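Let me begin by handing over the structure; questions about it come next.
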Amino acid sequence: MAAAEQQKKRDVFKLSRDRLSVQEVVDAVSSTSCGAISIFLGTTRDSFEGRHVIGLEYEAYDAMVQSELSKLSADIRARWPTVTHVCVHHRLGWVGVGEASVAIAISSPHRHDAQQAVQFCIDGIKTHVPIWKKEVYAEGEAASWKENKECAWGGAKKQGGGATEDGGQA
């Protein structure tokens, strides 16, 4: 690939306490050279293993998140060289039921690579990116920090907080 073409590719990573905008991630990856933009939007569900969830609380190690997302993007480009732009926005703080906690958009000239890259991206976030989630339940049940079953640091303790447990991330 020519150096000029490589410079046109971009990655956008953002951690925010504000609501996520699908349009913002789409705009970040839009390109006239791309015929496909694939999107993943992870939302907060209202139950987990029979418990009534009222929301999630996210924390992250910002510098490591940026570093791991950069590595993940490089892995995506190595597997799917036609991927043009990668955008990942993740919420921090309180995320209520029905709200988006993660938004991913990836563009490429054709849909196949963009779709596969989005799946790879969310799986990579769940396994390697240091973002922690605490589920908050209704009826006074104790909240619990969750860890993805696929998580690379499985069984570790969350710094500055409670122990992690089984469960999904976003």
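Glycine is treated like the rest: Cβ placed from N, Cα and C.
Since we're looking at a predicted model, the values are computed, not measured.
According to TrEMBL, the protein has these features:
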type	residues	note
BINDING	His110, Arg111, Lys126, Lys133, Lys134, Glu135	substrate binding site
Name the secondary structure element type, per DSSP in three states, that contains His110 (substrate binding site).
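In the DSSP reduction, His110 (substrate binding site) maps to coil.
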Would you count the other CB atoms within 10 A of the CB of Arg111 (substrate binding site), including those on all shown protein chains?
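Excluding its own Cβ, Arg111 (substrate binding site) sees 13 Cβ atoms within 10 Å.
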Quick check on the binding-site residues His110, Lys126, Lys133, Lys134: which one has the highest count of other Cβ atoms within 10 Å of its Cβ?
Lys133
Including all protein chains shown, what's the count of other C-beta atoms within 10 A of the C-beta of Glu135 (substrate binding site)?
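Here the count is 23.
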